[in-house]
Amino acid sequence: MSTNQIILTDQGDNYVNVWSHVAQDLYNHYGETLYNSWFSKVNFIESSLNTVILCAPTNFVRDWIKSKYSMVILQLFQHYNNTIKSIEIITKELPGTTQTVTELPTKTFADIGSSELNSENIFSTLDVRFTFDNFVVGAPNELAYAAARAVAESSGAVSESNPLFLYGGVGLGKTHLMHAIGWYIKQHNPSRKVIYMSAEKFMYQFVKALRNKEVISFKEKFRSVDVLMIDDIQFICGKDSTQEEFFHTFNTLIDNNRQMVISCDRSPSDLDNIEDRIKSRLGWGLVADVHSTTYELRLGILESKIEQMNVKIPKDVIDFLASKIVSNVRELEGALNKVIAHSNFTLKEITLENTQNILRDLLRSNERIITVEDIQKKVASRYNIKLSDMSSSRRLREVARPRQIAMYLSKALTPKSLADIGKKFGKKDHTTVMHAIKKVEELLENDIELREEINLLMKILQN
């Protein structure tokens with residue numbers, strides 16, 4: 001039994017106690033405004049056959065929590081008591097003891113004073129949705145995933161990837177992997193001290209420590225951990241004092257064989273307004289790129305999410321979402337949630353036509369219709385070859401490689417089938433296109449320069 005689980009003699013009291021902790025975690029994670037809007041009036045009613053029954057004040061609140069937060073609430077309950085298998089949310093109270101969690105302490109992480117600097121609760125900063133189990137792996141993220149798992153599974157020893165530097169665009173899974181590392185360590189090696197926070201919070205805590213003359217406590221907090229994870233390190237660019245403190249913290253941890261995990265929106269070499277000595281150290285370990293999603297990865301993410309939410313979505317709707325929402329995973333999941341919520345509240349069936357109407361504004365603001373011809377022109381220009389080379393059969397490497405990249409991008413950024421793509425490249429068959437895509441995916445596994453090049457091409461085409 002995990003040391004984090006709550007064991008009481010009376011099972012009813014146990015679940016009431018667990019609900020108090022779950023409510024506090026919801027408050028810590030989502031903040032006061034959202035908590036008061038959705039959770040503050042939710043009651044614990046009873047437990048039956050390992051099912052927790054909660055009561056919402058209205059049908060609207062019940063349906064919204066079910067569609068948006070039921071999986072999160074269940075995972076939180078299971079964190080404290082793994083005998084809980086499901087939750088049920090009703091609107092009519094049942095006889096028996098109820099507990100409403102309405103007034104919670106308003107103290108959040110940002111309010112922690114110096115006397116509490118060393119009592120950091122990593123659980124309050126981790127998102128229960130972000131674990132290795134629900135991270136969908138594909139060619140764009142498999143190196144980063146494997147490295148993150150290696151760090152998490154190192155069982156107290158420092159992994160070979162130290163520091164682990166994850167970089168890529170917004171919403172592609174970097175933060176998910178960092179949270180997953182934290183959860184895995186907490187569950188399998190809870191004695192290890194782990195801190196996860198954004199670079200922005202690191203800076204604010206440092207400034208607060210300077211103002212309150214408590215820098216020693218600040219240093220002790222961050223330099224005594226086993227694993228330090230800093231998200232969005234680009235935030236400290238141009239902030240000299242914070243960079244200086246981060247530099248010494250980095251050196252202390254690395255010198256003492258402590259693990260560091262850092263995320264950024266660009267590679268270390270592309271960071272501006274940051275000291276060269278920091279830039280150099282960020283690249284000491286493993287630098288793993290999380291690059292833009294492919295159609296197949298987006299499809300896998302949607303199918304995984306749909307299975308978790310236990311809903312039925314027509315295949316043409318799933319294909320439509322995977323083809324049209326190409327910018328990042330966060331936006332893809334947001335679009336899916338919007339479609340499901342609309343169906344729940346209007347009681348309308350999920351169809352392709354309804355989905356197109358629901359997401360009309362999102363698609364209009366986001367969509368830059370990319371054609372195979374657009375891709376061919378951009379890649380040909382980038383590699384200084386003739387546009388006609390895209391449809392030729394020339395096998396010279398300086399022509400064949402850009403053509404393969406253009407085929408790869410055509411599959412990633414357009415809804416075209418392999419056969420349709422082949423027609424645009426001199427009437428080549430689908431097996432030729434498939435071979436080109438696989439060849440590029442193999443190269444992406446080890447060629448950091450090529451990954452950056454393709455990421456750049458994707459951004460240019462999408463914008």
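Cβ atoms are placed via backbone N, Cα and C, with glycine included.
Given the structure is predicted, the values throughout are model-derived calculations rather than measurements.
Over in Swiss-Prot, the protein carries these features:
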type    : residues               : note
REGION  : 1-83                   : region 'Domain I, interacts with DnaA modulators'
REGION  : 83-124                 : region 'Domain II'
REGION  : 125-343                : region 'Domain III, AAA+ region'
BINDING : G171, G173, K174, T175 : ATP binding site
REGION  : 344-463                : region 'Domain IV, binds dsDNA'
CB contacts for K174 (ATP binding site) [other CB atoms within 10 A, all chains]: 26
Neighbouring C-beta atoms (10 Å sphere around the C-beta of G173 (ATP binding site)): 28
Near-site residues: ATP, ref G171, G173, K174, T175, CB cutoff 8 A to centroid: G168, V170, L172, H176, L177, S263, V290, N328, V329, R330
Protein Cβ atoms within 10 Å of G171 (ATP binding site), excluding its own: 17
Neighbouring C-beta atoms (10 Å sphere around the C-beta of T175 (ATP binding site)): 20
Secondary structure composition of the region 'Domain IV, binds dsDNA' (344-463) [DSSP: H/G/I, E/B, coil]: 89 helix, 0 strand, 31 coil
